[in-house]
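Chemist: Under the heading [4Fe-4S] cluster binding site, Swiss-Prot lists Cys70, Cys71, Cys135, Cys165, citing sequence analysis as support.
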Amino acid sequence: MGVTNPDKVISNTPGVVDPATSVPAWQDDAFFRQATDQLADKGFVLTTVDDLINWSRTGSLMWMTFGLACCAVEMMQTSMPRYDAERFGVAPRASPRQSDVMIVAGTLTNKMAPALRKVYDQMPEPRYVISMGSCANGGGYYHYSYSVVRGCDRIVPVDIYVPGCPPTAEALLYGILALQKKIRRTGTLDR
């Protein structure tokens, strides 16, 4: 019942491989690389709780969709198989109480601003906001309209701005990766 040919058994799989570079995805993570080096040298890992929390938080960001206009189509595209945002540890959630990141995509009107703030207040700490597209960043095409908020940063604090009209799915993924780097850099206890 055992393995008859041990040459056919894969002993050391590379894990998730980045298709662009053909390098395992975990090799880009400095914390993970340091932990595996310590584990290989000593047999155990020493770290601070803050570093461990930051590492786990960056790999499990749950984003809530707040799609207001055409940018929401590009936001949905990041979850599709071509870009697959979940390979970076980011997954969509429908409830603000279960999400860490809110992506504001599209034109924010004065009537929608209180609802945006209410949803933001329902998110647990630490919470992050990505402003996606020209309309969410500064009003965009409708900047001079009486009914448009000239940037969602007037309502909620924004961590990452993704420019474009509409920004591509690659730009949003770059913004998500920039947010992950920001979380690693600033920490959760210091925020």
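Backbone N, Cα and C define each Cβ position, glycine as well.
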Chemist: With every protein chain in view, what's the tally of Cβ atoms within 10 Å of the Cβ of Cys135 ([4Fe-4S] cluster binding site), excluding that atom itself?
Modeler: 29
Chemist: Could you list the residues of the same chain, at least six apart in sequence, whose Cβ is under 8 A from the Cβ of Cys71 ([4Fe-4S] cluster binding site)?
Modeler: Ala105, Gly106, Met132, Gly133, Cys135, Ala136, Pro166, Pro167
Chemist: Fewest other CB within 10 angstroms, which one of the binding-site residues Cys70, Cys165?
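Modeler: Fewest other Cβ atoms within 10 Å, among the binding-site residues Cys70, Cys165, is found for Cys165.
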Chemist: Around the [4Fe-4S] cluster site (Cys70, Cys71, Cys135, Cys165), what further same-chain residues have their C-beta within 8 angstroms of the site's C-beta centre?
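Modeler: Near the [4Fe-4S] cluster site, beyond Cys70, Cys71, Cys135, Cys165, sit Ala69, Ala105, Gly106, Thr107, Met132, Gly133, Ser134, Ala136, Gly140, Gly164, Pro166, Pro167.
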Chemist: Secondary structure at Cys71 ([4Fe-4S] cluster binding site) (DSSP, helix/strand/coil)?
Modeler: helix
